[in-house]
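Dropping the structure in here first, questions after.
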Amino acid sequence: MATTRVSLLAQFTPPSLFRTWSSQPHHSLPLLATASSDKSVRIHSLTSFNLISTIEGAHKRSIRSVAWKPGTEGDPVLATGSFDSSVGIWRWCGDGAVPQPERYEGNIEGGSGSNDEEDEEEWRFAVTLDGHESEVKSVAWSAGGNFLATCSRDKSVWIWEEMEDDNFETIAVLQEHEGDVKCVVWHPEEELLASSSYDDTIRLYKEDIDDWTCISLLKGHSSTVWCIDFEPPSNPSIVPTGDILSSASTRFLERRKAAGPRLISSSDDLTVRVWSRVLKEKDRALTGHGRMPNSIRTGSIEEEWVKEAQLPQVHTRVIYSVAWSKQTGRVVSAGGDGKIVVYEERLRSGSRVSAAHRDIHGDPVGTRNSLVEGDVQSGGSADTQSESADDNARESGPDAAATEWVVLAEMAAAHGVYEVNHVCWAKRFDKDRTRDEEIIISTGDDGTVRAWVLES
């Protein structure tokens, strides 16, 4: 049986002389932005892995997080969150030219690299967003690019709306967490925001009439939840190609589609967990037997999310980062032990079990997603879940579909003896790429950013 390994493709050059916190690839251009403790953002090419420019001069302390605004391919916009408690908005203004890949690579091949004067001309610091009282830990744009979420050590989550260029309005200050808020991320299809915290919880927020409110509290982790990420809308990893699905498998996939993208989290408790939305009765009744899922949710704005799975435990120290691939549906994690771990979810047939042994989705408990035996999900007591399982099982039938998570590959000491602060997936742009290939980007305490590929 062939094994998969994580192999180093390239190290972005030159490395930083200071700790690097996180990196984010642009949505469509071959650009990678890296937040650094030297108060700068380094922009690298994903084609040559060379430094293009350095953005600096606005923040007074480390830049902890960066995020590219969606829908700005012609004029990229970058948000930065800093330990100086402020958020910065940067706009591309390089001589009016659209920053296409050819333009960047032309600069690199010409040997110009990073030039301070050129950097100042190409990137304009547009506006500072003030309000947080302590270090800003994470910034994230909504899928449509109209909202920007920020979170801080001050235990708050802020939502900003861009009314027009360089004019942002605070539309919500959410103070639900009881500790440092580590990460914010938006749902890929809905205006649904998630945050994770030092208080060991995850919270979900939606707008209710004119106010944003917490609609769900996810408990289960026993220590700080460092990172969260939503599943891509169409996850290819669990949809087999060329196979004829059983009716149970079809119903399983219909229910999953109706529930929408799941959420994944990584924690100081050394676990990576998957959370899923529980369908309300009206939504559940409208799925199955070829019927289309109902995307309109009526009634209370509150939602129930439960722990669906706990991935195989590989890490031995805090897991700082986790990311869900939009291309393959695989998951990558990294943390204080210096490891990069890649996981894959696989569809399999469920065994015949009694209705009392099916989970809230109508699937076999303990087999659907490799849940630890005896682990009670956060949706309620074991008795309550059994009753709910009975109802779902009547609809699902005795042969429900199931999935399992497996470790696909692992890389130890990815940054030598240093911690890996962040990992993410990025489209591959270099000359040796194959069509639609992806790479893993890791950002380390050693100041280096590295690109990795999966090889069989």
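Just so you know, glycine gets a Cβ as well, placed from its N, Cα and C.
Taken from TrEMBL, the feature repeat 'WD' covers 56-90, 129-161, 174-206, 436-456. The region 'Disordered' annotation in TrEMBL covers 353-398. Positions annotated as compositional bias 'Polar residues' by TrEMBL: 378-387.
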Please give the sequence-distant neighbours of the repeat 'WD' (174-206): residues at least 6 beyond its ends with Cβ less than 8 Å from one of its Cβ atoms.
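Beyond its ends, the repeat 'WD' (174-206) has Cβ neighbours at 137-144, 147, 149-153, 155-159, 212-219, 221-233, 260-261, 263, 265, 267, 275, 301, 303, 305.
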Can you see whether the repeat 'WD' (129-161) and the repeat 'WD' (436-456) are touching - at least 3 CB pairs under 8 angstroms, only pairs 6 or more apart in sequence?
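Contact between the repeat 'WD' (436-456) and the repeat 'WD' (129-161): absent, because fewer than 3 Cβ pairs are under 8 Å.
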Run through the repeat 'WD' (174-206) and tell me, per DSSP, how many residues are helix, strand and coil.
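Grouping H, G, I as helix and E, B as strand yields 0 helix, 17 strand, 16 coil.
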